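K.L.:
Swiss-Prot feature annotations, pasted as is:
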REGION    1-332  region 'Glutamate--cysteine ligase'
DOMAIN    488-746  domain 'ATP-grasp'
BINDING   515-573  ATP binding site
BINDING   ASP695, GLU716  Mn(2+) 1 binding site
BINDING   ASP695, GLU716  Mg(2+) 1 binding site
BINDING   GLU716, ASN718  Mn(2+) 2 binding site
BINDING   GLU716, ASN718  Mg(2+) 2 binding site
Amino acid sequence: MTLNQLLQKLEATSPILQANFGIERESLRVDRQGQLVHTPHPSCLGARSFHPYIQTDFCEFQMELITPVAKSTTEARRFLGAITDVAGRSIATDEVLWPLSMPPRLKAEEIQVAQLENDFERHYRNYLAEKYGTKLQAISGIHYNMELGKDLVEALFQESDQTDMIAFKNALYLKLAQNYLRYRWVITYLFGASPIAEQGFFDQEVPEPMRSFRNSDHGYVNKEEIQVSFVSLEDYVSAIETYIEQGDLIAEKEFYSAVRFRGQKVNRSFLDKGITYLEFRNFDLNPFERIGISQTTMDTVHLLILAFLWLDSPENVDQALAQGHALNEKIALSHPLEPLPSEAKTQDIVTALDQLVQHFGLGDYHQDLVKQVKAAFADPNQTLSAQLLPYIKDKSLAEFALNKALAYHDYDWTAHYALKGYEEMELSTQMLLFDAIQKGIHFEILDEQDQFLKLWHQDHVEYVKNGNMTSKDNYVVPLAMANKTVTKKILADASFPVPSGDEFTSLEEGLAYYPLIKDKQIVVKPKSTNFGLGISIFQEPASLDNYQKALEIAFAEDTSVLVEEFIPGTEYRFFILDGRCEAVLLRVAANVIGDGKHTIRELVAQKNANPLRGRDHRSPLEIIELGDIEQLMLAQQGYTPDDILPEGKKVNLRRNSNISTGGDSIDVTETMDSSYQELAAAMATSMGAWACGVDLIIPDETQIATKENPHCTCIELNFNPSMYMHTYCAEGPGQAITTKILDKLFPEIVAGQT
């Protein structure tokens, strides 16, 4: 079967860039002095027996971060960024991730084999330590996984003379593997980033600096007698099987090639079930990147892989691959500033890249990538290993690496309430995703704009919207809670205290009600909105003008409006999950405190500068506005936004204390009497709600609440209650909610970890 010139036959509009990607990143845990740690793998990361994203490689201190399959290089890096964020915030606070492929200074006896549950995996690692030594096992890197797109493969198949798709794909991936190994020196030259080994790593003297220790024969390679042919897939499979039978290898995965066929559990299955994708294993960690690999590297490698498919297969595969290995070794061992040797036929690569880009009409971005490759071929200063040279001090990169590790650690803890790469999602969803990754629950974002997730563990699938809307709530429950009139009736029927009042569907009806409430304290609010929108509170009797303004504000949010009695006391939010109160929050209305110098408008701006404040529920606290509601509130107190407040004078900008309208959050879970927590839970249960926010007005929290004498009034129940405000509070310890959501959805994971 010949695949030469097949790519050239495709139409220019063919989906040449279509592919699936995955990244595996290895990294060592070290302390803040750059010394290897001896702590066990973090227990908060769940069981390594099933964790899909965070594992340990050879050593107990060597983390392996594994992305899900992504449809683009950008998404793969986004996944890796999030998993790196989770890993960085799951290890001990005095630990960081080492950003280099070569480990810090170490001794063989320091290296502890990963303490895995699987007996074979432990035995396998002990075997490797005995055979290859433990120091080599501490070398880390990046594995770049790629599957050609389904439509691209189909287009190539249609251009071929083949009738068997599995055989065709096997031949396609075999050709890619052959040319990748033939030209692997390109990867070593461009992206090698392990120019030195720290003192004591090798027993013998080795020349340094070099382009890549890891990608030379000084790195993690098989014994010289292990020679596997890539002439055919059958040859490949049979050779490895023979080495295992002879005892030269203990398992198929002990064959350490720069490229590995993937998609089946055993190699022989490739012959009849097919290769699914390729794993390219020869990438050094890029220490200039927090996640170890840059976007341009990902995309350049993608182009190079396609160029390898564009190029013809070698006529003599074994000879070409042997020459490729020798050239790679020469380039890996050479000084980072040494030009490429004459036998490195860069023109073959450049021509293939140019023709590929031209044939498929790829745009400026990919054309620039090709220009960068050409420039690096001409000037070694532009290669990654050369860029590391200025940071070598006394034959060591330890100081540079530690500074980078600490900087990346600090970045992970910046805006620690968010999930890196997913900051545009609603904050509670980000927190749930963080915990899902940490626990080892598979995830897929079905609709990012709609905050819709698919979570699964083994065969158990759950769908989650907005962080806590799940199958545990039936369809009618959120509808009932969205309707404040229905909520009041259900609670009243269950003998729970609710405020009295009436409902209106027009401004005229509401105004006609004024004579009945003109001397009363009242609340005007939309019937069916959440987050405190459109609510006005009058603790003193309202003038007709202010009452009309409040009605207009409420009608701007809904077609029906409630006018209720004002209940004096302090408002608390109770978070109820599955019949149990998990958190209690005191919310203080949006406010400013004067300093005798600045206007109210300026004080609001100062308070909004707090990094915890943001918009659209993507930060723990919300930006304080100075809109109609706030200015009405100021007017009732005799102020305008441009007035200067006396020092120490506190002015509320809202009467409602929702965090979503600029309020402050104070966690009082530990001090709130359990009687109120139980009462709030009973209210949620009466609604049939699984996840629910219960808002209670409590005049005196020292009084014990009972069903007969509740000493409180329920002013609202909220479906899809915010969770972040209970966790990241302005004051108090905070309560983790999203972890409990996941524990309820996947109790088998909790059981498996205890």
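Even glycines carry a Cβ here, placed using N, Cα and C.
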K.L.:
Out of ASP695, GLU716, ASN718, point to the one nearest PRO515 (ATP binding site) in space (Cα versus Cα); all of them are binding-site residues in the record.
P.N.:
GLU716
K.L.:
Tell me the coarse DSSP state (helix, strand, coil) of GLN539 (ATP binding site).
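P.N.:
SS state of GLN539 (ATP binding site) = coil.
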K.L.:
Cα distance, GLU716 (Mn(2+) 1 binding site) to VAL523 (ATP binding site), nearest Å?
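P.N.:
Rounded to the nearest whole number, the Cα-Cα distance is 12 Å.
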K.L.:
Highest CB neighbour count within 10 A among the binding-site residues GLN539, ASN718?
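P.N.:
Of the binding-site residues GLN539, ASN718, the highest Cβ count within 10 Å belongs to ASN718.
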K.L.:
Roughly how many angstrom lie between the C-alpha atoms of GLN539 (ATP binding site) and ASN718 (Mn(2+) 2 binding site)?
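P.N.:
Their Cα atoms are separated by 23 Å.
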K.L.:
Roughly how many Å lie between the Cα atoms of VAL563 (ATP binding site) and ASP695 (Mn(2+) 1 binding site), rounded to a whole value?
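P.N.:
Distance between the two Cα atoms comes out at 17 Å.
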K.L.:
For ASP695 (Mn(2+) 1 binding site), which of the three DSSP-derived states applies: helix, strand, or coil?
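P.N.:
Its secondary structure by DSSP: strand.
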K.L.:
Between TYR547, PHE555, which of the binding-site residues has the fewest other CB atoms within 10 angstroms in the structure shown?
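P.N.:
PHE555, out of the binding-site residues TYR547, PHE555, has the fewest neighbouring Cβ atoms within 10 Å.
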K.L.:
Have a look around PRO515 (ATP binding site) and count the other CB atoms within 10 A of its CB, chains all included.
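P.N.:
A 10 Å sphere around the Cβ of PRO515 (ATP binding site) contains 9 other Cβ atoms.
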K.L.:
For ASN718 (Mn(2+) 2 binding site) and PHE555 (ATP binding site), what Cα-Cα distance in Å is obtained after rounding to a whole number?
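P.N.:
Checking the Cα atoms of ASN718 (Mn(2+) 2 binding site) and PHE555 (ATP binding site) gives a distance of 20 Å.
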K.L.:
Measure from the Cα of ASP695 (Mn(2+) 1 binding site) to the Cα of every one of the binding-site residues TYR547, PHE555, GLU571, then give the nearest.
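P.N.:
Looking at Cα distances from ASP695 (Mn(2+) 1 binding site), the smallest one goes to GLU571.
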K.L.:
Per DSSP, to which secondary structure element type does GLU716 (Mn(2+) 1 binding site) belong, with helix, strand and coil as the options?
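P.N.:
DSSP assigns GLU716 (Mn(2+) 1 binding site) to strand.
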K.L.:
Cβ-Cβ under 8 Å from GLU716 (Mn(2+) 1 binding site), same chain, 6 or more residues apart: which ones?
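P.N.:
Long-range Cβ contacts: LYS484, THR487, VAL694, ASP695.
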K.L.:
Taking the domain 'ATP-grasp' (488-746) alone, what is its mean pLDDT?
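P.N.:
A mean pLDDT of 93 is what the predicted model shows over the domain 'ATP-grasp' (488-746).
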K.L.:
Long-range same-chain neighbours of GLU571 (ATP binding site), Cβ under 8 Å, sequence gap at least 6?
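P.N.:
Counting only residues 6 or more apart in sequence, the Cβ neighbours of GLU571 (ATP binding site) under 8 Å are LEU586, ARG587, ASN656, SER657, ASP695, LEU696, ILE697, ILE698, ILE715.
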K.L.:
Going by DSSP, is VAL523 (ATP binding site) part of a helix, a strand, or coil?
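P.N.:
DSSP assigns VAL523 (ATP binding site) to strand.
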K.L.:
For ASP695 (Mn(2+) 1 binding site), list the number of other Cβ atoms lying within 10 Å of its Cβ atom.
P.N.:
22
